[in-house]
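Sharing the record's features from Swiss-Prot:
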- 16-139: domain 'MsrB' (DOMAIN)
- CYS55, CYS58, CYS104, CYS107: Zn(2+) binding site (BINDING)
- CYS128: active site, nucleophile (ACT_SITE)
Amino acid sequence: MSGDRDDPRYPYPKDDAELRRRLTPMQYEVTQHAATEPPFTGEYTDTEDAGIYHCVVCGTALFESGAKFHSGCGWPSYFKPIDGEVIDEKMDYTHGMTRVEVRCNQCGAHLGHVFEDGPRDKTGLRYCINSAALNFEAKPERK
């Protein structure tokens, strides 16, 4: 994916040195080299708090907690993005599989993959997303 850094489809500029300083090694490898964090190890796998999940690279709001569900796959799963404009999808033929890669539409950061085995009563989709690609902003509690 590092070859996509200067792709004009992604308006958010990325400086490699700045990203390496700002991101953890896992965040960098996941978002910039399409690595996958080990299952059941991500910070947000079991998070149930209300809020919004943002791209760790550029801050774009990607998923709402109301679209999150427990899939048992080991990564945070959502049945839809916050809107259709925040996600870029690309065919992925790596590792001997055919999958649909999911990227942030603003910066091109690798987020994970989308599969057609999500909740049938919703969209039927499962956005399987690396916690390392996300920052969570909790919804303020009402007093």
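Using N, Cα and C of the backbone, Cβ positions are placed for all residues, glycine too.
Not measured: the values here are computed from a predicted model.
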Within the chain of CYS128 (active site, nucleophile), which residues six or more apart in sequence place their C-beta under 8 angstroms from its C-beta?
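When sequence neighbours closer than 6 are ignored, CYS128 (active site, nucleophile) has SER71, CYS73, TRP75, PRO76, SER77, GLY112, HIS113, VAL114, PHE115 within Cβ distance under 8 Å.
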Would you please pick out, from the binding-site residues CYS55, CYS58, CYS104, the one with the fewest other Cβ atoms within 10 Å of its Cβ?
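Least crowded of the binding-site residues CYS55, CYS58, CYS104, by Cβ count within 10 Å, is CYS58.
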Helix, strand or coil: which one is CYS55 (Zn(2+) binding site) in, per DSSP?
strand
Quick one: what's DSSP say for CYS104 (Zn(2+) binding site), helix, strand or coil?
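Note: CYS104 (Zn(2+) binding site) is in a strand by DSSP.
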So which other residues, same chain and not among CYS55, CYS58, CYS104, CYS107, have a Cβ within 8 Å of the centroid of the Cβ atoms at the Zn(2+) site?
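Everything else in range on the chain: TYR10, TYR12, THR31, VAL56, VAL57, GLY59, THR60, ASN105, GLN106, GLY108, ALA109.
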What does DSSP call the residue listed as 'active site, nucleophile' in the simple three-state scheme?
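Where the residue listed as 'active site, nucleophile' sits, the three-state DSSP reduction gives strand.
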So how many other Cβ atoms are close to CYS107 (Zn(2+) binding site), meaning within 10 Å of its Cβ?
24
What are the DSSP helix/strand/coil residue counts across the domain 'MsrB' (16-139)?
25 helix, 40 strand, 59 coil
